Amino acid sequence: MSTSLYNFKKITVVPTSVRKTPTVVRRHWQISRIRAFYARKVKFLQQTLHDKLTMILTEFPKMEDVHPFYADLMNILYDRDHYKIALGQMNTARHLIDGVAREYVRLLKYADSLYRCKTLKRAALGRMVKILSRQKSSFEYLEQVRQHLSRLPSIDPNTRTLILCGFPNVGKSSFINKVTRADVEVQPYAFTTKSLYVGHMDYRYLRWQVIDTPGILDHPLEQRNTIEMQAVTALGHLKASILYIMDISELCDHSIEQQIKLFESIQPLFANKPVFVGLNKIDVLRRKDLPAETEALLKKFESDNIPIVELSTLTEEGVIELRDKACDALLAQRIERKLQAKGKEATGDGHVLGRLFVAYPEPRDNKNRAPFIPEGVLKKRAAMDLVEDAMDEEKPKRKLERELELEQGRNYKLDLKKYYLLKNEDEKYDKIPEIWEGHNIADFIDPQVVEIPRTAGRKRERSMSRLEKELGDLGVNIDSKRMKNLNNEQQREHVGGKKIRVGRSPSVPVPERTPRDVKGLPDRKIRIKARKLARGGLKKLGRAARKGEGDRHVYDLKPKHLFSGKRSTGKTDRR
């Protein structure tokens, strides 16, 4: 079971009243409409009460479903019989309410007037509410149980747990305050702790819970009160490590003999659990200072293989030692139980196999079941293999430089000239001379040999055809008529001919404008798509009867001169 199952804080508050609904009906309605109205009222109340009661029955824990620890704890705190009777009354009330609603809905079908429908509705609602009012005591009891359950500590019965027990005022609460972050009240009088308290700690990267139980007195089980029975319940049902705390200084008003006698009386609750005895308050009196008779009583624990640890919650001496021993013993026991549950014991390093199942494949029979491959696939593979073999024969595999380096070892020399592609293979390893036939070779090398290809490339890029192509891709219509303003003849300087008047520039033809529905659209497909989208936008405007995208006018659908004043018989009066 998950921890969330025992989170009782999520139980919904038990309601104290029923939600009321409005009743508006007109006598001139058809009788079928009046019947449906009152039938709906009865069904609504029935469904509301049904849902509320179902929520109570669902959210409250059932004794049979929860862990035995919680079942016994609830039996001690709330009385199992009383708790079951209260939930049973909720279930009976739900069943009766459903029956009343079903009966009166059937009677409403035969009502012949509004008065009879209303009377039947009142009778149905009154009977359903009367059923609930009779369960007032059960509702109050369940609400008190819910409040008390929500205040209980969240104890996980299946996790690693340490339980502190012993006489009242022996130092159990002080111990839990030292090893955990719990803040349990500590006072010098008995029964300061009246309920279970839980603290959490980390040990070996694992989460542990430490439970502080109320003090137990040495008398028969039947005479123990509710506070003591909580400790007995925790000791009996939780698989935990038991820390029996004793006051060696006898400041708790109980002698060591009485404390040992209490241990023996509750020892049956410690069956199959690691048990440790902690001698507290050694800052007042140490074990070596005890008289011989008392020391002989303590040696009985050691003869029964029960470890004894001396500690002091005041000076924190021995507190961590007792905690570590108890945790290690419980861990070893939990691991051993898991291995035994699988039917194998831990053996060396292979103890993990006891918790795993390894599946090995086994042949079903002696038949050979080869994979099925179609003949067409086999033919294609054979043809591909022939082609690959032919290519391998034509092109012998060339060794890489790395392979040559590994083969030759220290004798390897990197030769980059052997891959030169020259007309005359004998010139691969020739050196370029500085002087040849009385000429300096450097004089014949252009200093701008790198810059010349770059300028040539830029000239190629800035060509007229390239400009027309790029503008055409962008949707701009490039035509000879439109490009007249870029003609070289009009850009030349005027030479000869008539004189040009000063202040007048030569006329240049105005280029035609590109239509707006074409500008920016590169090709015909995109233009058609844009027109379709535009038509879709116009449809929305048409549906709203708008003149355009900027039409935001809100018409006055209720003019004041038509909707103000009185229009009764005799005359028309506007106010």
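Positions of Cβ are set from backbone N, Cα and C atoms, glycine also.
As annotated by TrEMBL, compositional bias 'Basic and acidic residues' applies to 513-524, 546-559. As annotated by TrEMBL, domain 'OBG-type G' applies to 160-331. Taken from TrEMBL, the feature region 'Disordered' applies to 489-524, 539-575.
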- Query: When DSSP states are grouped into helix, strand and coil, how many residues of the compositional bias 'Basic and acidic residues' (546-559) land in each?
  - Reply: 0 helix, 0 strand, 14 coil
- Across the whole of the domain 'OBG-type G' (160-331), what does the mean pLDDT come to? Round it, please. 85
- In the compositional bias 'Basic and acidic residues' (513-524), how many residues does DSSP assign to helix, to strand and to coil? 1 helix, 0 strand, 11 coil
